[in-house]
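Inspection log for the structure reproduced underneath, given as structure tokens.
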């Protein structure tokens, strides 16, 4: 069936805004500007402040939800189902996981390349599959276990490519290895978030935009408050500011004042995550969760190509092999091989009943798939 113009628009919006989200965060990290008190020029490395901006973008989805609800009150449609009463604190545990995982990933993005960052996020399949078996009592198909195995192999190949690639003064080998490990560690936390959402949130009839916005509200408020103690906590080699602390918000604002393009990068990060979440939810509804997964894989290619074109990283052939293996693992885990096998055997295509809602068992993604 041919896509409508609206569906093409949604697919393009998801691809573009998802790519902008990662690239704008990396672009901000590449800027050099002096900080407060006449400090020397240094790169803009403020991962926790960037995470606050991302949650602000997610929080804006809550405004979009209430606008849609007002519109539905005047012109009822099927996109706004009646909302069951629920306790908003249900979103607190997954929001805490989202806050922790996102913060760790922004720290890691300062240490490694944007393409490796995007590829290594594929590790979420491994932990999601294992946790769904352990805590949700699910049984994985053979193809899903093969997908997990392929993903592990792909991660090893991508990590090996990082080890063999040339490293500049900004990204030393030890930092790249640490960054890669932090990304994989963050995926464990994201997987816990996904299991919590499945176990406690999805049984309620909560609109996805409301879910994203509520988690964004919790993340924004809590992480904003945590920025105060982070100003005083020493971080050693993990710190990117002159004071050597976990986060230095005044230094960040001084750098933005001296290099306005940083503000543009931050604005791109904040706005893109809001549109990306809206587009992702709409693609799942209008097309399928599988289409959303394919578009997310295309996003990796776009980020990789632009990073190479901008000279942010060096090309290594092993990355192609690693990406293809990761793509195969994702396809196997999400069942993309079934329609292909069905067509090859000239059989009847498998039913797609419930594909729009199939999440953790198949094309499961967190309701606020960020970065």
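FYI, residue positions are counted from 1 along the chain as it appears here.
Backbone N, Cα and C define each Cβ position, glycine as well.
Just so you know, TrEMBL annotations never went through curation; they're auto-generated.
Residues or ranges marked as compositional bias 'Basic and acidic residues' in TrEMBL: 349-359. The feature region 'Disordered' is assigned by TrEMBL to 346-371. Under the heading signal peptide, TrEMBL lists 1-18. TrEMBL lists 48-68, 89-108, 120-138, 145-164, 176-196, 216-233, 261-281, 293-312, 318-336 with the feature transmembrane segment.
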What parts of the chain pack near the transmembrane segment (216-233), using Cβ distances under 8 Å and only residues at least 6 beyond its ends?
48-49, 51-52, 55-62, 91-92, 95-96, 98-99, 102-103, 245-249, 368
Which of 48-68, 120-138, 145-164, 176-196, 293-312 has the most Cβ pairs closer than 8 Å to the transmembrane segment (318-336)?
145-164
So, does the transmembrane segment (176-196) come close enough to the transmembrane segment (48-68) to give 3+ Cβ pairs below 8 Å, pairs being at least 6 apart in sequence?
no
Cβ under 8 Å to the transmembrane segment (120-138), counting only same-chain residues 6 or more beyond its ends: which ones?
105, 144-145, 147-148, 151-152, 154-155, 158-159, 180, 183-184, 187-188, 190-192, 194-195, 198-199, 326, 329-330, 333, 360-361, 364, 371
By Cβ distance under 8 Å, which residues at least 6 away from the ends of the signal peptide (1-18) in the same chain are close to it?
272-273, 275-276, 278-280, 282-283, 286-287, 291-292, 295-296, 298-299, 302
Interface present between the transmembrane segment (145-164) and the transmembrane segment (176-196) (three or more C-beta pairs under 8 A):
yes
